[in-house]
Amino acid sequence: MSETTYTKIHGAPKADLHVHLEGTISPELMYGLAQRNHVDIPFDSPQAIASAYEFRDLNAFLQVYYAGLRVLENQQDFYDITMDYLKRAHAENTHYIEFYTSPQSHIERGVPLAQVLDGIFAGCDDAYSKWGIKANVIFGLQRHRTEASALAAIAQAEPHSSRIIALGLGGPERDNPPSRFVRAFERARELGWRTTAHAGEEGPADYVSQAIELLRVDRIDHGVAAQQNARLVIALAARRIPLTVCPVSNVKLKVFDKLEHHNARYLLESGCVITINTDDPSYFLANLTDNLYQTSRALDLSDDQIFQIIWNGFDGAFCDDASKRRMQQALNEYWHG
């Protein structure tokens, strides 16, 4: 692998299909919003926030993650976090992003859903006008809450449904199987949304199967536990269900002990449609280029394999086919031109 590969990956048109908006908040922005909104946080500087970004597992990370939500209080805050991240993503030639947002956490804190979504949508629109980067929104349910809460949140989102591209499911997997949310995903399809769910991150392969068979998702977020079931891997490959894999996140949250032991290459060589994504880039200190490059080095991926993974990012996107083909053409011309 050439040392110039980082530059090549950085310059390539890319898509990030698995990124949590609330996980893009930089230490500087978190501290600034806390000051602006007079929100007490247990940090006295951006540097103190950054030093706290070491996590022993998913639950420990989620405790910090949910604390970080508290600084987001109004439409301007959601606009600012959206613009701040899309500017950084544009700088590394990311052409397309699908943001998860966690509306139930904001609703619970008394932030009107309209302010959350209108701020994000305005940020997406302005970023597209200013930099040409396209972003869409995934309405992310939290699996530790009830399905009744999920359905209530979806009902609140219905006036905005034309701007929401998909329903997602995230949060702590342990003891929170996808099977609890069948009606919520049925409702999403009635609204014309696509569907995706976190499954097989720290949960078992059976959760991946549940997401596919019971929730009937179009895509799986993470999905690395599928390796536990050879028949499931064969089915994922045969049905071409994309997996939005997040290798750096998996190492940071101790799903794998080191990047060299990640199974992204196994899944790719088994015929699965894998993409590489950031998950929570500010917390894990790795943008999309970092994720692709570090994974390629650790797993000794060839240039053709890296190209295929980036290509898959556009293939697995929920945008229209014409946009996919246009971005893939740009990638092909860049990579092979």
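The backbone N, Cα and C atoms fix where each Cβ goes, glycine too.
In the record from TrEMBL, residues H18, H20, H198 bind Zn(2+); the candidate from D118, D125, D126, D279 listed for the same site is D279.
Applying an 8 A CB threshold to same-chain residues 6+ apart, the list for D279 (Zn(2+) binding site) reads H18, V19, H20, G23, C246, V248, S249. In terms of local Cβ density within 10 Å, H18 ranks first among the recorded positions H18, H20, H222. It is 5 Å from the Cα atom of E201 (active site, proton donor) to that of H222 (site 'Important for catalytic activity').
One way to see the shell of the Zn(2+) site is to take the Cβ centroid of H18, H20, H198, D279; the remaining same-chain residues with a Cβ within 8 Å of it are V19, G23, Y100, G170, D221, H222, T244, C246, S249, N277, D280. Proximity of D280 (substrate binding site) to non-local residues of its own chain (separation of 6 or more, Cβ distance below 8 Å) is seen for V19, H20, G23, T24, F61, Y65, S249, given in sequence order.
The 10 Å shell around the Cβ of E201 (active site, proton donor) contains 24 further Cβ atoms across the protein chains shown. Counting every protein chain shown, 31 other Cβ atoms lie within 10 Å of the Cβ of H198 (Zn(2+) binding site).
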